[in-house]
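As written in TrEMBL, here are the features:
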{"type": "TRANSMEM", "residues": "30-51", "note": "transmembrane segment"}
{"type": "DOMAIN", "residues": "68-158", "note": "domain 'Acylphosphatase-like'"}
{"type": "ACT_SITE", "residues": "ARG83", "note": "active site"}
{"type": "ACT_SITE", "residues": "ASN101", "note": "active site"}
Amino acid sequence: MTPDPVVCPSRAKDGAPRCALESFSRRIPMSAPVAVVSLLIVLLSTLGCFVRAPGLSMSMAEGDTLISVDYEIFGKVQGVFFRKYTQAEGKKLGLVGWVQNTDQGTVKGQLQGPFSKVRHMQEWLETKGSPKSHIDRANFNNEKVILKLDYSDFQIVK
């Protein structure tokens, strides 16, 4: 095969092509199926930034996903304004839900809001609480993704 002088004007002494176009086309043949597969991979990679399968960790773009989680806090959490401080912290974070004392001496409730804000509130419930409280443990369950909030405010239930 003689090189086209317009496309590949010269050859090396050993007869190998010197131009990039001829060299590239000989080494890496591009077929239609390979091009389609490559395009599909790029497309799926791009979509992966916007779509999350259930159970996978969240990326920064998914921080607005709404979740709901139930909680129960154990320790010295009654008679220390725990519900009042929980309501205030929830409202400060823009969360909705409720909080109430139980007959067992715990505090329970439900949080709803954006993923990152709910996580922040869970950490607050586990580690901080009201100034005079003493938290032994916090249980969180029934976590789920929700499409809309079930509450309009953060309420103390008596």
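A Cβ is built for glycine as well, from the same backbone N, Cα and C atoms used for every other residue.
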Here the active-site residues are ARG83, ASN101; which one has the lowest number of other Cβ atoms no more than 10 Å from its Cβ? ASN101
Using DSSP, how many residues in the domain 'Acylphosphatase-like' (68-158) fall into helix, strand and coil? 24 helix, 39 strand, 28 coil
Between ARG83 (active site) and ASN101 (active site), what is the CA-CA distance rounded to a whole number of Å? 8
For the domain 'Acylphosphatase-like' (68-158), report the average pLDDT of the model, please. 97
